[in-house]
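Asker: Handing you this structure, nothing more for now.
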Amino acid sequence: MIEYRNLRVALLGAGSVGAQVARLLLEHADELAARSGAGLELVGIAVRDLDAERDVELPKELFTTDAEALILGADIVIELMGGLEPARSYILKALESGADVITANKALLATHGPELFELAEQVGAQLYYEAAVGGAIPIIRPLRDSLAGDRVDRILGIVNGTTNYILDSMHSTGASFEQALAVATELGYAEADPTADIEGYDAAQKAAILASLAFHTRVAVGDVHREGITSITAEQIAAATKAGYVIKLLAICERITDAAGDEGVSVRVHPALVPEDHPLAAVHGANNAVFLHSLAAGDLMFYGAGAGGVQTASAVLGDVVSAARRHVVGGPGVAESAHADLAVLPIEQVHTRYQITLTVEDQPGVLAAIATEFSRHGVSVEAVEQSIQSHTAVQLTEVEPAGGHDEDAATATLVVVTHRAQEADLAATVAALEATPVVRSVASVLRVEGL
Ligand SMILES: NC(=O)c1ccc[n+]([C@@H]2O[C@H](COP(=O)([O-])OP(=O)(O)OC[C@H]3O[C@@H](n4cnc5c(N)ncnc54)[C@H](O)[C@@H]3O)[C@@H](O)[C@H]2O)c1
Ligand SMILES: N[C@@H](CCO)C(=O)O
Ligand code: NA
């Protein structure tokens, strides 16, 4: 029997993910030791309440409320408490003591990542975080290692399971956002306070982490343009389906150029129309997927469970084995890669395609008036269609002119799809359309991605 050297592993937090990590460390100790080249001895679990009910039965003698003492005696520290503090202070303390740290804490990384990575580099320790994006899905290591020799230019990610579940059930059942959210809450997908998910904050944190890795540039969560899904209506979903799209909340990270032609990056989270034959359209329920394009590899997609205690524990344990192997072999490990230091450009500089739905007066000259506003702002129209939503037959050129703005006059619904246009020009077009007398309202503006 091989005698392994023991590495001391400290776990901070025994919630959904932490309890599963502890269980797997204990149950698979022999196998993990063989893969790591070192024994992984779980020396303690820092918890807030020693007697709390846990999802998993764990040896009581491992529990402690003294996280600091536990950290100082460890070779590897796993932080699964979540939140900014005390997680940040504990990780800094662990790194200072020379321990490698594993975390799933996207909120912390997207806010204080640079501080943590700098300290890790200074002391020659490692910070691993595969579980922070896409839960069980391997995406951090592929970006950091497998694609290190390539050049990623675009990432489209479904990185929040709750919102994907809600949008998917709106598509499949015709439910309203509120109805779908209620079901998601009942089934335990959505938290009691779902704000972080439905307003896109969780996805924005993950987008910041992905963009930083992919573009070798520090991107903080505050740099991410963020829109949630709360204003998506059943009508928009039905119209999208009819037009051959699905609506997904996407995290989009891409290289773009600014007005001077200099390369920068854009990072944004918002609902978008995705063609129904795009691989991301087939991501159902609470699953996550990251679709990316790189120069040499072309298109790649990573798919699977973006959350769940035991699923996320898989990613954490992969990191634990990586950390253990480094301890066995020695050497400095992988430093943060931020050498490209590209500018993070504002959403106004993004180019994409748009679908604009307008409620208009049903009278002659309407199409011309609308087309004028698009062309005046440099936005090229690809197609105009009468929406299936319209209850009035549109005979734009055949109806007698209606005098003035008559609330009772017939209206028509027009759906305009643009070629690629700049966000700033599109925003100016929408403002001008809203001020155009024949336009009753701009009912919906959605970006079209994945074409
Ligand atoms: N649950 C998932 O599916 C999932 C997926 C990906 C990433 N994550 C991330 O993993 C981390 C843990 O998530 P979770 O779902 O297990 O959360 P959780 O709320 O179930 O567990 C966190 C645990 O940490 C404990 N804790 C909090 N502060 C503490 C302190 N100061 N000292 C000791 N214990 C403390 C809590 O009491 C709780 O038991 C978070 O950063 C989360 O964002 C979770
Ligand atoms: N609330 C997150 C959990 C995983 O980070 C989601 O719905 O995807
Ligand atoms: Na992951």
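Glycine too: its Cβ is placed from the backbone N, Cα and C atoms.
As listed in TrEMBL for this protein:
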{"type": "BINDING", "residues": "Leu12, Gly13, Ala14, Gly15, Ser16, Val17, Gly18, Ala19", "note": "NADP(+) binding site"}
{"type": "BINDING", "residues": "Lys106", "note": "NADPH binding site"}
{"type": "BINDING", "residues": "Glu191", "note": "L-homoserine binding site"}
{"type": "ACT_SITE", "residues": "Lys206", "note": "active site, proton donor"}
{"type": "DOMAIN", "residues": "355-447", "note": "domain 'ACT'"}
Asker: If you count Cβ atoms within 10 Å of the Cβ of Gly18 (NADP(+) binding site), leaving out that atom itself, what do you get?
Answerer: 29
Asker: So if I draw a 10 Å sphere around the Cβ of the residue listed as 'L-homoserine binding site', how many other Cβ atoms end up inside it?
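Answerer: Around the residue listed as 'L-homoserine binding site', other Cβ atoms within 10 Å: 14.
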Asker: What residue among the recorded positions Lys106, Lys206 has the most other CB atoms lying within 10 A of its CB?
Answerer: Lys206
Asker: Across the domain 'ACT' (355-447), what does the pLDDT come to on average, as a whole number?
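Answerer: 84, rounded to a whole number.
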Asker: Can you check which residues sit near Gly13 (NADP(+) binding site), meaning Cβ under 8 Å from its Cβ, same chain, 6 or more apart in sequence, and list them in order?
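Answerer: Listed in sequence order: Ile45, Ala46, Val47, Glu79, Leu80, Met81, Gly82.
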Asker: Rank aside, I only need the closest one: which of the recorded positions Lys106, Glu191, Lys206 has its C-alpha nearest to that of Leu12 (NADP(+) binding site)?
Answerer: Lys106
Asker: For the recorded NADP(+) site formed by Leu12, Gly13, Ala14, Gly15, Ser16, Val17, Gly18, Ala19, name the remaining residues of the chain with Cβ within 8 Å of the site's Cβ center, in chain order.
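Answerer: Result: Leu11, Gln20, Val21, Ala22, Leu80, Met81, Gly309.
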Asker: C-alpha of Gly18 (NADP(+) binding site) to C-alpha of the residue listed as 'active site, proton donor': distance in Å?
Answerer: 20
Asker: Enumerate in sequence order the binding-site residues Ser16, Val17, Glu191 whose Cβ-atom distance to ligand 1 is under 6 angstroms.
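Answerer: Within range of ligand 1: Ser16, Val17.
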Asker: Once the chains shown are all counted, how many other Cβ atoms turn up within 10 Å of the Cβ of Gly15 (NADP(+) binding site)?
Answerer: 16
